[in-house]
Ligand SMILES: Nc1ncnc2c1ncn2[C@@H]1O[C@H](COP(=O)(O)OP(=O)(O)O)[C@@H](O)[C@H]1O
Ligand SMILES: [Mg+2]
């Protein structure tokens, strides 16, 4: 019989932490601002730069990373009953609840079940040696984020994704206060849909200045500004990560800069 069964959960998490250099959670105040987009493209950009990356979908009710990553790589279970995450790209492993349930079926798990799923994804999964593990969270301050932080303890920090309009900021502030209450730090802010280029003109469909205001208020850096781009939306919907399928674009450049800034920020 495998000795793994005698490991208590804390020991399993301690083991995980020994093999993963940096843990980063991607969070936002509300839905639809681009958390999954940021998590997926940050992960692919880091993986392409040579880092070993794990991407864990902690958004149990809206698990979108598989749709945005494309491909049909699936996780497996080995003889010790440990989960082996899907190898989606060289250097990039991913795991999502949607890889394990029937497509299109709603997921009706409640708190305790979600908590145990998250614990298994962390403690009973063979992630191997990683430089970065990135968590894609559901919006706000719900069960999943609570379970994640309770289980994993200290992370390297949270990336707070926001759109620039100032009306959205109250939600972000609440999320930042939650992050602080969880004893986590905000690594930085990512402003998504920051601007849009129409021919030679730059327009601001969602206003300007939101991320800078937050950065000032909380003394944290803006680590990335991602432009809005209809072509990017199309590619994301087709499961084609920007850094792989939209080379030379401004959005791709923005994601690569974000990845560099994140790598620098955790090394500090
Ligand atoms: N910079 C962008 N340009 C164009 N479309 C985007 C951009 N960022 C996100 N989207 C689109 O917006 C929608 C919501 O993004 P998503 O990452 O799923 O948000 P969240 O995870 O915060 O709910 C998706 O359809 C995505 O393709
Ligand atoms: Mg999402």
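Cβ atoms here come from the backbone N, Cα and C positions, even for glycine.
Copied over from TrEMBL, here are the features:
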BINDING   29, 30, 31, 32, 33, 34, 35, 36  ATP binding site
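Structure coloured by features recorded in TrEMBL.
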residue: 29; record: ATP binding site; CB count, 10 Å: 22
residue: 30; record: ATP binding site; CB count, 10 Å: 17
residue: 31; record: ATP binding site; CB count, 10 Å: 14
residue: 32; record: ATP binding site; CB count, 10 Å: 10
residue: 33; record: ATP binding site; CB count, 10 Å: 23
residue: 34; record: ATP binding site; CB count, 10 Å: 23
residue: 35; record: ATP binding site; CB count, 10 Å: 28
residue: 36; record: ATP binding site; CB count, 10 Å: 26
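In the three-state DSSP classification, residue 35 (ATP binding site) falls within a helix. The ATP site, placed at the center of the C-beta atoms of 29, 30, 31, 32, 33, 34, 35, 36, has further neighbours from the same chain whose C-beta lies within 8 angstroms: 28, 139, 161. Residues distinguished by a CB atom under 6 angstroms from ligand 2 are absent from the binding-site residues 29, 30, 31, 32. Residues 32, 33, taken from the binding-site residues 29, 30, 32, 33, are distinguished by a CB atom under 6 angstroms from ligand 1.
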